[in-house]
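Below: the structure, in structure tokens.
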């Protein structure tokens with residue numbers, strides 16, 4: 001007996017799950033990007049120049065003021081050291097570039113074309129203090145890495161529902177609290193707390209629904225979540241454009257986070273978690289409600305309670321005799337160690353350009369709100385095309401091709417002269433398509449390489465390390481102040497290294513997935529380097545099967561994967577009574593989110 005047997009009795013994807021998907025999953029995943037990616041607009045650094053009271057209070061146009069104040073060499077942090085009052089009285093508004101210069105000593109004046117105010121303008125995080133704006137962004141990623149294990153513990157200790165609601169509340173308060181903070185240190189601390197909550201709100205809310213649907217629908221739920229995420233990401237620049245002030249934007253996003261608390265009456269606790277805590281009556285009550293809503297009869301009498309109790313006792317016995325696996329197991333075996341390191345390098349090499357391209361939108365020519373929309377929208381065709389190519393040319397070359405596209409695109413701004421500013425926009429779109437495609441392929445290929453006992457924790461570790469690497473992204477983007485092409489050059493090199501690593505990963509399409517560590521050690525060891533899936537699959541016992549519906553929301557963690565490995569891994573013998581020799585084309589990957 002397994003939990004899927006109980007789901008079949010009450011309906012694995014009936015009216016109840018559909019209502020929860022439409023009423024909870026889609027709306028929540030549309031708004032989650034609003035407070036997980038709003039930092040790009042909250043901490044934007046507008047164009048700025050030295051504040052000179054005499055010039056600022058004159059009747060000169062803004063362009064004339066900038067012409068009169070800004071030296072050619074360092075137009076952001078220095079000003080001409082002249083008597084501006086005398087120049088204004090003379091009426092001769094002509095700049096001599098040989099004039100002496102000095103650093104800004106009266107503050108800065110900011111361009112308000114796109115923003116009335118941001119955190120950068122409030123705290124003057126420019127010039128010598130410009131690195132603080134990168135620090136703020138890095139603290140969000142640091143908070144995510146540090147907070148994920150802690151909140152994963154809360155999810156297992158308190159339950160999915162209380163953790164989701166509590167984190168939504170903390171997320172809302174830390175968002176608006178950091179914006180209204182009168183102290184800079186408190187502002188930094190609250191931004192880190194805010195970052196620590198984001199992935200938890202995303203992943204725990206997703207897990208609640210994932211644990212209530214049958215295995216065949218989990219990949220589709222992944223697709224719904226990803227599509228909703230992309231929709232929300234495309235709407236975010238419109239909200240930022242309409243608010244134009246970081247406090248107003250923060251109020252909107254923090255209110256949407258607080259609005260998630262309204263689900264406390266309709267959101268169920270995970271029956272799987274309740275069973276693991278031996279709270280059988282509560283689990284039976286939720287399953288009975290699902291049965292009744294879905295028009296089944298399993299809720300009649302004590303049938304559900306008795307079956308849940310039997311299942312709970314079976315699970316206790318299984319866990320008592322279960323061999324424990326640890327992350328150290330990856331480093332005990334040479335082939336497994338090598339492939340884990342390759343997957344991790346690919347994950348790092350994909351996470352940095354993915355988030356870097358999103359942050360670098362402020363440095364592109366044209367309207368940054370529209371550019372952000374385009375860079376978000378490009379994920380849709382990237383997902384669809386990857387889904388098709390993975391089933392035709394395989395995971396390996398699809399991953400290599402995605403990294404190659406990102407490498408080629410990021411090299412374009414390096415080789416084209418600066419006057420071709422539009423090349424940066426085109427390159428960003430192509431590179432974002434490549435990184436989105438690589439994300440999707442890695443989520444599919446990674447778990448198929450690892451053995452069953454290490455599948456969840458393996459991908460989770462790689463994902464968490466990749467997320468941790470993104471703390472360097474704000475500093476990479478900050479280098480654009482020295483040259484527009486520096487971030488692109490770094491992204492290109494990283495993508496190129498990842499493409500090389502992806503070449504040495506084994507193909508998994510239509511292959512028997514490794515069940516044990518020994519299987520993983522011997523998996524595809526004799527393959528030809530340049531082989532294609534169709535050529536070398538005859539000896540693997542492949543079977544023709546439908547295309548896998550694999551999608552990738554970007555925010556799950558090692559904790560989420562590890563806790564879901566029993567119910568979300570179709571190859572886990574503890575949960576599925578299917579034959580062990582499944583192929584990668586039939587497998588569904590436990591969804592994971594990265595920030």
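Just so you know, glycine gets a Cβ as well, placed from its N, Cα and C.
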Of 163-180, 253-270, 271-288, the range TrEMBL tags as transmembrane segment is 163-180
With TrEMBL as the source, identify the stretch among 2-19, 20-37 annotated transmembrane segment.
-> 20-37
Given 484-505, 506-527, 528-549, 550-571, which one carries TrEMBL's transmembrane segment label?
-> 484-505
From the ranges 101-120, 221-240, 301-320, grab the one TrEMBL calls transmembrane segment.
-> 221-240
Outside the transmembrane segment (132-151), six or more residues from its ends: residues with CB under 8 Å to it = 39, 43, 45, 119-120, 123, 125-126, 163, 167, 187-188, 191-200, 204, 359, 464, 467-468, 470-475, 477-478, 557-559, 595
Can you find at least 3 Cβ pairs under 8 Å between the transmembrane segment (369-390) and the transmembrane segment (221-240), where each pair is 6 or more residues apart in sequence?
-> yes
At least three Cβ pairs under 8 Å linking the transmembrane segment (397-416) and the transmembrane segment (454-478), pairs spaced 6 or more in sequence?
-> no
Are the transmembrane segment (20-37) and the transmembrane segment (484-505) close, by which I mean at least 3 Cβ pairs under 8 Å that are 6+ residues apart in sequence?
-> no
Against which stretches of its own chain does the transmembrane segment (186-209) lie, if we need a Cβ under 8 Å and a gap of at least six residues from its ends?
-> 17, 20-21, 24-25, 28-29, 32, 35-36, 39, 119, 123, 135-136, 139-144, 146-148, 150-152, 155, 160-161, 163-164, 167-168, 170-171, 174-175, 177-178, 221, 225, 257, 260, 267-270, 467, 553, 555-557, 560, 563-564, 591, 593-595
